[in-house]
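Colleague: Pulled from TrEMBL, these are the listed features:
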| type | residues | note |
| --- | --- | --- |
| DOMAIN | A:133-221 | domain 'CAAX prenyl protease 2/Lysostaphin resistance protein A-like' |
| TRANSMEM | A:33-53 | transmembrane segment |
| TRANSMEM | A:59-77 | transmembrane segment |
| TRANSMEM | A:98-121 | transmembrane segment |
| TRANSMEM | A:133-152 | transmembrane segment |
| TRANSMEM | A:172-199 | transmembrane segment |
| TRANSMEM | A:219-239 | transmembrane segment |
Amino acid sequence: MGPEGDLRCAAANDVEKQNEMRTADVKVDDKTLAAWEIISVISSVLIVAWTIVPLAGESRLVGAVPIALAFALMIQSHRARGESLRDLGFRTDNFFRAIRLLILPMVIGALLLLFAGRIAQALGFGASERMRSVWWIILGGFAWGLLQQYALQGFIHRRLYIIYGRGARTTFLVALIFAGLHAPNFALMAATFASGLVWAYVYERAPNLWALGLSHSTMSWIVIATLPDSIITGLRVGYKYFM
Amino acid sequence: MSGLTPRKGLVRLLLIKSFADLFFVLALAVSFSFRTFEPRFRGNVDEADALHVAGWAINAADPSSRVEVHLYIDGRFIANTRTGRSRPDVVAAKRIKEAQSGFEFRLPPLDPGEHEARVYVVHRSADNARLTLQLLGRPITFRVGENPVENGSRGGSEVRGGQ
């Protein structure tokens, strides 16, 4: 083989090496990939909670950027993993099963909150001005609850399945992440940890996001209506908590 | 291999999102810094004695504007004023093009001893939500003597520090 042949051979080796590197780029372990996805979505929420308000005021347009990125990621992730809306929990066949699982912890939680509110003499049932709007409670509250449950259960919980499988550890981690995202509002962190455990437990047995969204918005309203603002500090989290 | 493309797309999207998050936060921080702590103020405190503190200041972003300055002596607010005094010496030194950049504070009677003067330029953020003070030059130390007559002349005060 002459010098030309050697050159051709070397060029072919280079192309082969480059292809190997490209293949290696996407050879990310599935568990690592799932962990990266979770961290990425959490980081978007943290950016909104901790950097938008101090650095850009309360600009909704700026705040929409990390949220849009997170949604783009979640949607692409569902496509890449072949997950349907039904897989995520947007379904109706198990709605009543999910409600049956939710009803007892919700009643217990509501009674505890009523008791705590009575002690704190804070039963307001609409103390907040915006809570007086029925449409805000029904539509805004439900949409907000559904959105959070989709991100928490339909995405984070499902990615934790990939890493740890189903079980108590995953349920615990879902609740821990949910509580962590409500830092530094300690009262809300405690409430979201407890409710996060229940919602993750129910999602594992009856993955229905409609029921969980309903439960989320109902419990949020009960928390606002029963506990004094000095404890829940307007449900503010992140940097806003200090304002 | 059919599952490789969306998966590869996901890895790419994760990489892009990570960089986008990083640049987004960086852009927010830099934009906030520019809006809140205008970096284009120039100036100096040239003189300080028992009777007055003087210097010059401009906002390079808007050289013709009058800059608001605050005087603090030993950490206590004393007075505020705006630039507007002629400073041909600073223009001659080619440090600025705007002649009306000087300021001067007349001081109230101060206790004998050593004092530190700090002059801050005032910056209001675009929406007036934040008002920030930025130190002009360096703090300048001066001495006030026991003798009021001596304090009446510049020679009676010792100036240290400044640029």
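Note: Cβ is positioned from N, Cα and C throughout, glycine not excepted.
From a predicted model like this one, the values you see are computed outputs, not experimental measurements.
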Colleague: Under 8 Å, at least 3 Cβ pairs, sequence separation 6 or more: does that hold for the transmembrane segment (A:219-239) versus the transmembrane segment (A:59-77)?
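Modeller: The answer is no, given that the two segments have fewer than 3 Cβ pairs within the 8 Å cut-off.
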Colleague: For the domain 'CAAX prenyl protease 2/Lysostaphin resistance protein A-like' (A:133-221), DSSP counts of helix, strand and coil?
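Modeller: Helix/strand/coil tally for the domain 'CAAX prenyl protease 2/Lysostaphin resistance protein A-like' (A:133-221): 77 helix, 0 strand, 12 coil.
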Colleague: Tell me, roughly as an integer, the mean pLDDT over the domain 'CAAX prenyl protease 2/Lysostaphin resistance protein A-like' (A:133-221).
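Modeller: Here the predicted model's pLDDT, averaged over the domain 'CAAX prenyl protease 2/Lysostaphin resistance protein A-like' (A:133-221), is 93.
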Colleague: Looking only at residues six or more beyond either end of the transmembrane segment (A:33-53), which have a C-beta under 8 A from one in the stretch?
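Modeller: Residues 59, 62-63, 66-67, 69-70, 73-74, 77, 151, 155-156, 159-160, 162-163, 177, 181, 237-240, 243.
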Colleague: Which range wins on Cβ pairs under 8 Å with the transmembrane segment (A:133-152): A:59-77, A:98-121, A:172-199?
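Modeller: Comparing A:59-77, A:98-121, A:172-199 against the transmembrane segment (A:133-152), the winner is A:172-199.
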Colleague: Could you tell me what the rest of the chain brings near the transmembrane segment (A:172-199), counting residues at least six beyond its ends with Cβ under 8 Å?
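Modeller: Tertiary neighbours of the transmembrane segment (A:172-199) are 38, 42, 45-46, 49, 102, 105, 109, 149, 152-153, 156-157, 160, 164, 212, 215-216, 219, 223, 227, 231-233, 235-238, 241.
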